[in-house]
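*Asks:* TrEMBL lists Lys4, Ala5, Leu6, Leu7, Arg8, Arg133, Leu134, Gly135, Arg136, Gly137, Gly138, Gly139, Ser140, Tyr141 with the feature ATP binding site. Positions annotated as substrate binding site by TrEMBL: Val50, Glu55. TrEMBL lists 187-225 with the feature region 'Disordered'.
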Amino acid sequence: MSRKALLRRELLAARRLLTSQQVRDTAEVLARTASALPELTAARTVAAYVSVGREPGTHALLDGLRARGVRVLLPVLMADNDLDWALYEGAGHLVPAGRGLLEPDGARLGPGAVLAAGAVLLPGLAVDRRGMRLGRGGGSYDRVLARLAAAGAHPALVVLLYDDEVVARVPEEPHDHPVHAVVTPAGVRRFPGRDLPCGQKGDPGREGDPGQEGGPGRGSAPTAS
């Protein structure tokens with residue numbers, strides 16, 4: 001088993017130990033913190049996703065962005081694992097999809113719709129202290145990031161995680177892209193060398209310390225060895 005696969009298994013096992021109340025409490029904190037991010041407040045269009053299971057919750061954040069007039073795009077998984085996109089029009093317009101996911105029931109806008117996003121909220125299992133993200137391994141968001149790069153688009157890349165999912169280092173491959181910021185219950189961490197796009201302003205470094213204990217997150221951070 002690869003180092004990435006081992007770390008994914010460890011992180012998913014830790015998530016399975018979370019109670020439903022912990023997931024709900026964390027989602028509320030993440031929504032408040034993320035909704036104040038310059039990366040999101042400056043964006044007219046945000047590409048996001050619907051959290052499922054014990055993923056860090058996004059539902060409250062999606063509703064908050066939409067209430068502010070932000071155009072929220074949600075992914076629709078295609079047969080080849082690439083992502084199409086559709087507008088988020090409220091929780092009542094989400095329908096079950098394959099692999100336990102939820103997707104919008106509206107018109108498909110095409111894989112290139114993400115190019116209009118000023119910020120992209122990426123799912124993940126971990127981010128390391130360089131900003132490298134560990135996903136679930138399906139490759140869908142690798143395609144999204146490659147599409148953005150090929151088009152010369154530079155949206156802010158943001159990940160929501162639990163506190164102990166900010167780790168020392170994740171295994172990386174040449175196609176992996178660093179993110180601009182990670183939001184955890186403990187606060188926001190931005191990464192050196194990852195300038196905010198489109199003239200957005202924010203203090204570099206930490207706003208809070210995602211590695212600290214406390215809040216509804218969990219304890220110490222695992223590392224890949």
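Each Cβ is built from the backbone N, Cα and C atoms, and glycine gets one as well.
The model shown is predicted, which means the values in this text are computed figures rather than measured ones.
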*Asks:* What kind of secondary structure is Val50 (substrate binding site) part of, going by DSSP in three states?
*Replies:* coil
*Asks:* Between Glu55 (substrate binding site) and Leu134 (ATP binding site), how far is it from one CA atom to the other, in Å?
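*Replies:* About 14 Å separates the two Cα atoms.
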*Asks:* Between Arg8 (ATP binding site) and Val50 (substrate binding site), what is the CA-CA distance rounded to a whole number of Å?
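*Replies:* Arg8 (ATP binding site) to Val50 (substrate binding site), Cα-Cα distance: 20 Å.
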*Asks:* Let me know the largest Cα to Cα distance in Å among the ATP-binding residues Lys4, Ala5, Leu6, Leu7, Arg8, Arg133, Leu134, Gly135, Arg136, Gly137, Gly138, Gly139, Ser140, Tyr141, as an integer.
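*Replies:* Between the outermost Cα atoms of Lys4, Ala5, Leu6, Leu7, Arg8, Arg133, Leu134, Gly135, Arg136, Gly137, Gly138, Gly139, Ser140, Tyr141, the distance is 20 Å.
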*Asks:* Which Cβ among the binding-site residues (Leu6, Val50) has the fewest C-beta neighbours inside 10 Å?
*Replies:* Leu6
*Asks:* Considering Cα atoms only, can you say which of Lys4, Leu134, Ser140 is the nearest neighbour of Val50 (substrate binding site) among these binding-site residues?
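*Replies:* That would be Ser140, the closest of Lys4, Leu134, Ser140 to Val50 (substrate binding site).
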*Asks:* Helix, strand or coil: which one is Leu134 (ATP binding site) in, per DSSP?
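*Replies:* Where Leu134 (ATP binding site) sits, the three-state DSSP reduction gives strand.
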*Asks:* Rank the binding-site residues Lys4, Arg8, Arg136 by how many other Cβ atoms lie within 10 Å of each Cβ and give me the one with the fewest.
*Replies:* Arg136
